[in-house]
Amino acid sequence: MTSPPSVDAGRTPRAGRGPDNREAPDSREGRDSGHAEAGHGVNHPAYPAASGSDTTKTQAPGGGRLVASATPWLLAAGVVVWALLSVGTAPGDIARYALYLALGLALPGTLLLRALVPAGASPRTLAEEVGLGALLGLAVELGLFVAAVQLSLQHWVRLWPVVVVIAFLSPPLRGHWVGVRRPREPLAGSWLLAGFLGAGATTMLRLGLGGYRLPPVGSAYYQDLTWHLSIVHAAERAIPPAVPQVAGETLHYHWFAHAQMAAASLAGGVPEATLLLRLWPVGMLVLAGLAAAGLARRLGGPWWVPPTAAGLLVLGHGLELLPVGRTAAALNVLSPSQELVVPLALAAASVGLAAIDRRKLPAWIAVALLVSAASGAKPTAVPVLACGAALTAVALALGRDRRWRPGALLVLLLGLSLPLSRAVSGSDGGVTLRFGDLVEWMPLYHLLTGEGFHPVNGPFLPEGVAALSPHSLAVMGLLAVAVLVPAAGQIVPLMVVSRRPRGLPAGVWFCAGCLVAAWGAYLLLSHPALSQAYFFYLGVAFAAVLAPWVVGYAATRAGLAGAGWTGTRWVGAGVLLGIVAGVVVHRLAGPPAGAAVRTVTGWTAAFGRPLLMLGGVWLVVVVVGRAARRGVGQHVDRRGVPRGAVAVVLLAALLLGAPAAASAGELWRAARGLATATPVPASNGVPVTPGGADALAWLDSHAPQDAVVATNRHCATGPARPGCRALAFNVSALGGRQVVLEGWGYTSPVGGLQVESPWPQRLRDNDAVFTDADAAALARLVAQFDVSWLVADATAGPVSPALRRLAVPRFHAGAVTVYEVR
């Protein structure tokens with residue numbers, strides 16, 4: 001917050017006027033350009049100045065403060081390394097990936113960011129600047145990697161940081177190596193931000209990814225993870241990648257995340273499986289948190305808003321209010337594309353807002369790079385960002401702010417990126433327009449209506465409520481409560497913003513527009529696999545930024561947001577109330593209402609109990625607060641409670657404390673397991689036998705990168721049989737090579753998991769090689785696909801002993817034998 005304006009002879013000059021009270025020549029341009037907002041937003045009407053605040057003071061890096069600021073980051077990094085080691089990550093791989101992030105992305109990206117978007121146009125701390133710079137570097141590297149693979153020069157991409165560093169040693173660019181004076185933030189902000197990111201990474205590793213053992217240890221893998229790993233290998237060979245399980249077929253899926261991991265593996269020398277299952281998700285989580293903090297800083301507010309935004313993103317469980325249904329978090333370790341699109345979208349929003357303020361071409365170059373990367377990461381990015389930019393432009397135009405023109409330019413830029421998003425990231429999953437399709441995935445819907453499960457197909461409304469009878473309207477009301485109440489942490493910020501729309505920072509409108517777009521797509525679109533939910537998940541990221549701003553906004557307007565920890569006591573009381581109430585309710589209310597609840601009574605009880613408990617807590621707070629303000633009661637402060645304190649406490653409890661309570665149990669289990677060196681239990685999934693893991697590791701290290709392999713393993717488990725789940729991806733994932741025909745369950749022509757192969761002749765030739773040692777069939781595979789290796793799994797079906805006449809056994813372990821074709 002700003003200090004009170006200086007007073008000359010007892011008078012305070014009006015904003016934009018000189019000592020003689022005449023309007024300064026550049027005051028109109030200053031207001032239209034939003035220079036006040038370009039800082040923390042604290043001079044903006046939405047944030048009246050609070051006395052005693054020092055967040056706009058600047059400091060030069062160096063001295064003891066630099067050491068003090070670095071301490072929390074070193075400790076957080078140490079905890080994350082400890083967590084990585086505890087789940088079997090090799091120390092050398094950790095060191096190589098850390099060097100890749102620092103020297104291969106953050107260093108060149110930060111130099112480019114300083115040149116294109118100076119800190120004066122986009123205030124940020126050093127940590128936030130490094131995070132945004134790393135994401136800009138990632139976007140540049142992605143473009144270079146795509147071009148290099150086309151030219152078969154992918155191994156040369158590792159040299160692009162060297163080119164950037166040399167360029168910035170030239171006299172015109174040398175000044176960007178020196179840090180600028182930055183906003184002075186309490187050291188508590190660094191501790192909070194580093195602590196949240198370290199806690200989020202530790203929880204992800206100990207309770208999520210750590211259960212999947214790294215190859216060559218035999219383990220079980222969720223089939224999506226092995227499928228994604230196979231695409232990482234495919235992206236090293238060709239862009240766009242081929243379907244790794246079906247030779248000759250082009251992949252119709254958003255593959256930017258896989259290409260980024262491929263580039264990181266080639267540049268850093270880290271195994272692809274280690275990246276996917278350990279290091280890359282941690283890196284994306286940290287970058288997402290830093291991007292959220294950077295965007296929150298553009299919105300303005302007290303010092304704790306940016307680190308809290310990062311904490312809500314990486315630990316907030318979708319800003320969950322109730323333990324019902326478990327709203328999903330923005331980051332999903334089983335979806336690399338989601339892990340990539342969240343930090344890129346947040347960075348694009350932050351730099352886009354800086355470009356709106358700055359109106360300079362270099363800033364728009366950075367915006368274009370980030371938007372292009374986000375549009376290719378996942379098709380949800382462009383529509384959500386475009387709606388955020390559109391609402392921002394409209395709000396600025398209605399406020400007669402000249403920045404509406406660059407805001408409209410941002411909308412145009414995002415619109416032009418739609419064809420790129422469709423061409424690069426477009427999936428062919430069959431999205432249709434159908435209101436409320438998401439309820440098809442809720443047990444309560446089927447219990448109330450008796451309808452079966454038929455998403456996508458049917459009328460505009462789900463069949464169980466399409467008649468619009470009194471009964472169906474009542475059902476719709478109950479379903480709306482079940483959907484909206486747990487997500488109150490996302491809806492309440494929108495209500496606060498819409499209640500006082502005048503004079504809000506542009507960034508607030510941007511986040512609100514993104515959140516509205518995400519909910520609109522979630523409610524109006526239909527997909528056979530509920531993939532419209534990924535719009536919702538991206539909206540959660542912007543809600544995580546908007547929610548703490550709303551709390552800070554309310555506290556500032558009430559005069560309850562001062563400097564340091566003393567200025568947070570009312571917000572802190574609300575957070576503590578939300579945590580205590582949430583933990584108690586979570587413990588007393590029982591498990592979340594989900595698929596295990598099969599009766600309407602049971603579901604209503606599982607939903608109603610925590611709702612009534614929380615309602616009682618809020619009622620007690622309101623009554624006690626009103627009594628305190630009147631100064632009545634034996635144990636009440638006679639000085640009274642400041643006006644607005646009750647609202648601030650309730651908002652902090654709802655938007656900050658409740659999400660913290662939802663994550664408290666997981667965080668405690670992760671910390672306790674790490675401290676006591678408790679082994680992480682193995683995760684469930686498609687099993688890989690120890691012998692199979694060894695054989696595929698041998699294949700990965702001995703077969704040429706462009707080798708094509710045939711295997712008799714098509715079904716996820718058991719022998720080959722009609723109608724099995726054709727989700728076997730181990731040869732293409734753990735073996736890392738293109739396969740003639742492996743599991744076809746995720747290929748585009750199938751559209752389902754338990755269907756016959758769309759390539760029957762190829763399947764007959766492939767299997768005849770193993771069961772009958774058919775030389776003619778093998779000759780056809782060699783002629784058509786250049787097959788040079790065979791992987792025979794005796795548990796997938798009979799393997800002819802005569803196969804040795806067609807191929808040379810090179811490695812055998814357990815039931816798996818690797819052959820090289822003669």
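If you go along the chain as it appears here, the first residue is 1 and each next one adds 1.
Yeah, the Cβs are placed from backbone N, Cα and C, and that goes for glycine too.
What TrEMBL says about this one:
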COMPBIAS  17-38  compositional bias 'Basic and acidic residues'
REGION    1-63  region 'Disordered'
TRANSMEM  66-85  transmembrane segment
TRANSMEM  97-117  transmembrane segment
TRANSMEM  159-179  transmembrane segment
TRANSMEM  191-209  transmembrane segment
TRANSMEM  275-296  transmembrane segment
TRANSMEM  303-320  transmembrane segment
TRANSMEM  383-399  transmembrane segment
TRANSMEM  406-424  transmembrane segment
TRANSMEM  504-522  transmembrane segment
TRANSMEM  567-589  transmembrane segment
TRANSMEM  609-628  transmembrane segment
TRANSMEM  640-662  transmembrane segment
Sequence-remote partners of the transmembrane segment (567-589) [C-beta within less than 8 Å, at least six residues beyond its ends]: 50, 52-53, 302, 304, 322-323, 551-552, 555, 558, 560-561, 606, 609-610, 613-614, 617, 621, 642, 645, 648-654, 656-658, 660-662, 664-665
Long-range environment of the transmembrane segment (191-209) - Cβ separation under 8 angstroms, sequence gap at least 6: 72-73, 75-77, 79-80, 83-84, 86-87, 127, 277-278, 281-282, 285-286, 289-290, 293, 304, 306-308, 310-311, 314-315, 331, 333, 663, 666-667, 669-671, 673-674, 680
Cβ pairs under 8 Å between the transmembrane segment (97-117) and the transmembrane segment (275-296), at least three: yes
Dominant neighbour of the transmembrane segment (275-296) in 66-85, 159-179, 640-662, by Cβ pairs under 8 Å: 66-85
Tertiary contacts of the transmembrane segment (640-662), as residues 6+ beyond its ends and Cβ separation under 8 Å: 308, 311-312, 315-321, 323, 488-489, 492-493, 496, 547-548, 550-551, 554-555, 557-560, 570-583, 585-586, 618, 621-622, 625-626, 628-631
